[in-house]
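*Asks:* Annotated domain 'ABC transmembrane type-1' per TrEMBL: A:93-300, in sequence order. Taken from TrEMBL, the feature transmembrane segment covers A:24-46, A:99-118, A:130-155, A:175-199, A:220-241, A:283-305.
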Amino acid sequence: MSAADLVTSTPSRRGPGHSRTTRIVIYGLLFLFALVYLVPLLVMVMTSLKPLDEVTGGNMFALPRHLTFAPWSMAWGEARIGVSDTRGISGYFFNSVKMVVPAVLISTLLGALNGYVLTKWSFSGHKLVFGMMLFACFIPFQSVIIPMAVILGALGRIGVGLADLTGWSFGLGNATVNLVIVHVIYGLGFTTLFFRNYYAAFPSELVKAAMIDGASFFQIFRRILLPNSTPIIIVTVIYQFTNIWNDFLFGSTFAAGDTAPMTVALNNLVNTSTGVVEYNVNMAAAIIAAAPTLLVYVIAGRYFVRGLMAGAVKG
Amino acid sequence: MTAMTEREAATAMTKRQPGPSLRGWFQDWLPRLVLAPSFLLVLVFVYGFNLWTLFLSFTSSKAFPTTNLIGFTNYLRLWNWTFETDPPSNWYTALVNMGLFGGLYIFFCLFLGLLLAILLDQKIRGEGILRPIYLYPLALSFIVTGTAWKLFLDPRIGLENALHDWGWTSFHFDWVVDPKMMIYCVAIAGIWQSSGFVMAMFLAGLRGVDGEILKAAQIDGASTYQTYRRIVIPMIRPVFFSALIVLAHMAIKSYDLVLSVTGKNPGGAAELPSTFMYSYTFTRNQMAIGSASAVIMLMTIAAIMVPYIYSETREQNR
């Protein structure tokens, strides 16, 4: 049983019994903390459903008197994101989707192949290779961001040249492609770590038997390893999805203007509002930005926690 | 005759007998060839880029990278800025804020995480409902968390206004618009976001403690407090260590939370090394100084992570 399973499994019936007063204190504290964690979300939702005068003139804990969905449609379709952009966050939401889907799929597939090689086809020096790849999980991105900007700039110029020659830039210089590249590379450490640890526990006898039967490298991977990898695939996909969707540093550095991902657009929306801060619109936009990852958390919280624990404890 | 030999050759190939054939060589090297692109990418984009940044930190790069080496000048300047307190240099502010934010963030995440984990481990009804509530902030991006807390802490419409509305008119809480106190607001939002995660780590540790030991302690007449203080908490010491490492790592890397809570870090009041690096590199055209600060961040994280990774992988192999 992994560490995360210990968290998400039903608690065992053990531990000391408590007096009535102690139990009341325990439940009181737990309830109080639950409120502390929940209230900001509740205030966000309530604020997003109020007209602006109720936000600025009323109590933030009060329920909306005039329920309105205008801030939501405002945030989605009309809010001011940049100097000239008043089309809301919808376009940026889809920028994020276009970035996150390929980045998650590619980094997960590469991580699975790497984990497979490192555990079932290990060669001398495989520990060193793995150790070196692990370090990719922990570097502060500040220390790679300048060279990355230089390289992506060069790729962009190559893309312009190619477009002049062939009429197509092959995706070079496209902000979404750039972000996919960046997120795949800096996600490789984690995806490799997840699959390597999972496949290390996978019986090698099965792989050996298949080898003797003449199955090829990729046949073994596709027919034997992959069908038994569903849990770790879910964990990895969720982990990568959450991290890439929530990224801000890379998005704000490598994708400007119309091509920015959701988090960057949200930050721009919040900070460019002129005059009165339209908190209700900001909150609606923030909830929209948080919705995909929250949804994943609600649907598959168990796997979500497992990924976090694997990424942290066994890092 | 020819057909026969061809079939024989085909059989030999599918059996993949060792031999000097190109195909056999390919089969032997295929696993390494599959791993190679990923490893090369990491080699270039992680190790190569770190070295590149290190190189830039010794140049006189301004808006664009140059190869004009000037030795340790940039580090010397950062070193001098470290002691420039009146008026405080941006680097001095960044370091002080890092200490304040990092210290508060790590301490309160550990404290709240352990407290919640112990409370949850007392045969609680409804744990399945409470636990996800403590953990959900982790699914949010720091930008969303910051946006929410900015509203929450805004004195005109947030907590201060709400308490005035309820009659506590002397209540005063305007840290988020006070440059001196902004960094504490960043810490509050950070603790709110991350303490649930630490709770999960501690809970896993507590659940791994053998129940028999607790029973034995009870029979010997130890109080609950004594049991935790003297038996359980010492047993889960490795979790403290892991959580400390993870939190320190997150604190040093945190960047977006500062921007969103403070509204783009006005006047650099909530400067951290991460925001310092970004503004010197990309807005103040002092790329070499930015690189030097990035190298210092990298070294700090490496000093924390390398021994940790080393001990973890060693334990796994044992």
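Cβ coordinates are placed from backbone N, Cα and C, and glycine is handled just like the others.
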*Asks:* Cβ under 8 Å, sequence separation of at least 6 from the ends of the transmembrane segment (A:220-241): give me the contacting residues as numbers and ranges.
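*Replies:* Cβ under 8 Å, 6 or more out: 100, 103-104, 107-108, 111-113, 116, 120, 183, 187, 190-191, 194-195, 198-199, 202, 206-207, 210-211, 292-293, 296, 300, 303-304, 306-308, 310-311.
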*Asks:* What stretch in A:24-46, A:99-118, A:283-305 has the biggest tally of Cβ pairs under 8 Å against the transmembrane segment (A:175-199)?
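*Replies:* If we count Cβ pairs closer than 8 Å to the transmembrane segment (A:175-199), A:99-118 scores highest.
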*Asks:* Are there three or more C-beta pairs under 8 angstroms joining the transmembrane segment (A:283-305) and the transmembrane segment (A:24-46), sequence spacing 6 or more?
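*Replies:* Contact criterion met.
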*Asks:* Using a Cβ-Cβ cut-off of under 8 Å, list the residues of the same chain that are 6+ residues beyond the ends of the transmembrane segment (A:99-118) and lie near it.
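*Replies:* Here the qualifying positions are 126, 129-130, 133, 176, 179-180, 183-184, 187-188, 190-199, 221, 225-226, 229, 233, 236-237, 240-241, 244-245, 261.
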